[in-house]
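As recorded in Swiss-Prot, the features of this protein are as follows:
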type	residues	note
BINDING	Gly32, Gly33, His34, Asp52, Phe78, Asp100, Gln107	S-adenosyl-L-methionine binding site
Amino acid sequence: MAKHTTVLLDEAVNGLGLKTDGIYVDGTFGRGGHSRHILGQLGAQGRLIAIDRDPRAIETGEALMKEDPRFTIIHGPFSGLAEYIKELGLAGQIDGVLLDLGVSSPQIDDADRGFSFMRDGPLDMRMDPTSGISAAQWLAKADVDDIGWVLKTFGEEKFAFRIARAIVADRTETPFLRTLQLAQLIERLCPKREKKKHPATRSFQAIRIYVNSELEEIHKVLDGALEILAIGGQLSVISFHSLEDRIVKRFIRKQEKGREYPPGLPLTEAQMQHGKTLKSLAKALKPSAEEINENTRARSSVLRVAQKIAEPESE
């Protein structure tokens, strides 16, 4: 199994404001780094529910569940957070939710998962290989406009449509089935703009985000977390690129701002507080230089922490 170093471990767990008898959710179990750290600080009455859609993560979680009765693992996308917690009868009782967004190091390092442009493997990229369509299946059917839009929107790729045209032209003779096949095509088409970044980085990120509906999942899990947190419960979220962080930042700001009224309208103090459901507990936190030196994946990570102060208004 690939070694996985958990990013911002102490900081993200501290962002939950742990109580020894609290009930917490690790929405992105992965290989269990955050979960084990949380369990290490909970007492006998504490409880941790973890979620992951990766079957290999579930195997690790099920082994931990056998060892620790305080721990429960759920197989599914984290967008189902509110539904899972309601089924457990714990809505409104959750003291903290931790989310570590994006793809994990073991997923990238396992060539068979198809996430890596450095290792040859099947062009899959699904977080859950048992569900949805693979990257190869999508690239075989999508047109130039769709591929170009995905690369530009989710990868912020300058050469998005150049790459899209080449994929559509080349696939008529040879379908794109392998990761290095796609990575080498992109490398031929695109100049290396950033010294430490492979030319295929942005395109692989974009296709992965699209195949897994990652940004839509983030919107849903943030809404779900707000719904199931107890008043005073805390949300601790690690993002790994600007698209993720933008969603998290805007969500927290919107919930801090509350209901919007027409400009110039005289408001009471109660009206000014109306609709405010979260307050940010700290400025966005980035890893230390020491952590980045030890784990280069940490370099782009950002942690945001907020606390629930009121129930959201019903629609």
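Glycine too: its Cβ is placed from the backbone N, Cα and C atoms.
Put plainly, the binding-site residues Asp52, Asp100 were compared by Cβ crowding within 10 Å, and the winner is Asp52. Long-range Cβ contacts of Phe78 (S-adenosyl-L-methionine binding site) within its own chain (separation 6+, distance under 8 Å): Gly27, Thr28, Ile51, Asp52, Arg53, Leu99, Glu217, Val221, Gly224. Cβ environment of Gln107 (S-adenosyl-L-methionine binding site): Asp54, Arg113, Phe115, Met127 lie under 8 Å away, each six or more residues apart in the same chain. Taking a C-beta cut-off of under 8 angstroms and a sequence separation of 6 or more, Gly32 (S-adenosyl-L-methionine binding site) has the following same-chain neighbours: Ala50, Ala57, Thr60, Gly61, Leu64.
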